[in-house]
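According to TrEMBL, the transmembrane segment annotation covers 6-22, 29-49, 80-99, 111-130, 136-155. Residues or ranges marked as domain 'NADH-Ubiquinone oxidoreductase (complex I) chain 5 N-terminal' by TrEMBL: 63-113. The feature domain 'NADH:quinone oxidoreductase/Mrp antiporter transmembrane' is assigned by TrEMBL to 129-180.
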Amino acid sequence: MENAWLIPLFPLVSFLFLLLFGKKLKEASAFVGILATLASLVYSILVLIERFSESTFKAEAVWLTIGNLELTAGFEVNQLNALMLVIVSLVSFLVHTYSKGYMHGDERFPVFYAYLGLFTFAMLGLVISPNLLQTYIFWELVGVGSFLLIGFYFYKESAKAAAKKAFIMTRIGDVGLLIG
């Protein structure tokens, strides 16, 4: 359980790896993304099984102190977000697997998988965030990932318009998150 923070790290590593080496891998980059999400899924299932018999696990470390205010970074896993880790990992694994055939032949294939890795990392990070600051940061990353994926075919007017609309909607969601 102490290593549940690794779950979002697998897709982050795939994102960074594909940014650096994706052009060389071409369509084999799908396997990097699929393996990363499979690792997240398997580890999420193990965490869920462990959470059935145990209470909430929370790990935080102070990374900034301003006067009496302490900002912490960490992760929290309880039964609900352990289940959400499995759901997000499973859906992401299925999307990665389906996209291999759907994106076949696209010249920007590795870029698409890099964006999927970023989006998956952000979603999994959002699920285990223990505080509002981290929740907000991962929410913003989900918005960035959405924008990149929706606008992937940026040369099409429909994709550009949809990406702009998604960007505006997530800004509205940002305000709601900060107010709420």
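Every residue, even glycine, has its Cβ placed from backbone N, Cα and C.
If you count C-beta pairs under 8 angstroms between the transmembrane segment (136-155) and each of 6-22, 29-49, 80-99, 111-130, the highest count goes to 111-130. Counting same-chain residues at least six beyond the ends of the transmembrane segment (111-130), those with a Cβ under 8 angstroms from any Cβ of the stretch are 4-5, 7-9, 11-12, 14-15, 18-19, 22, 29-30, 32-33, 36-37, 40, 58-60, 72, 74-77, 81, 84-85, 88-89, 92, 95-96, 99, 103, 137-139, 141-142, 144-146, 148-149, 152. Residues of the domain 'NADH-Ubiquinone oxidoreductase (complex I) chain 5 N-terminal' (63-113) grouped by DSSP class, helix first, strand second and coil last, total 29 helix, 13 strand, 9 coil. The domain 'NADH:quinone oxidoreductase/Mrp antiporter transmembrane' (129-180): residue composition by secondary structure is 42 helix, 0 strand, 10 coil, according to DSSP.
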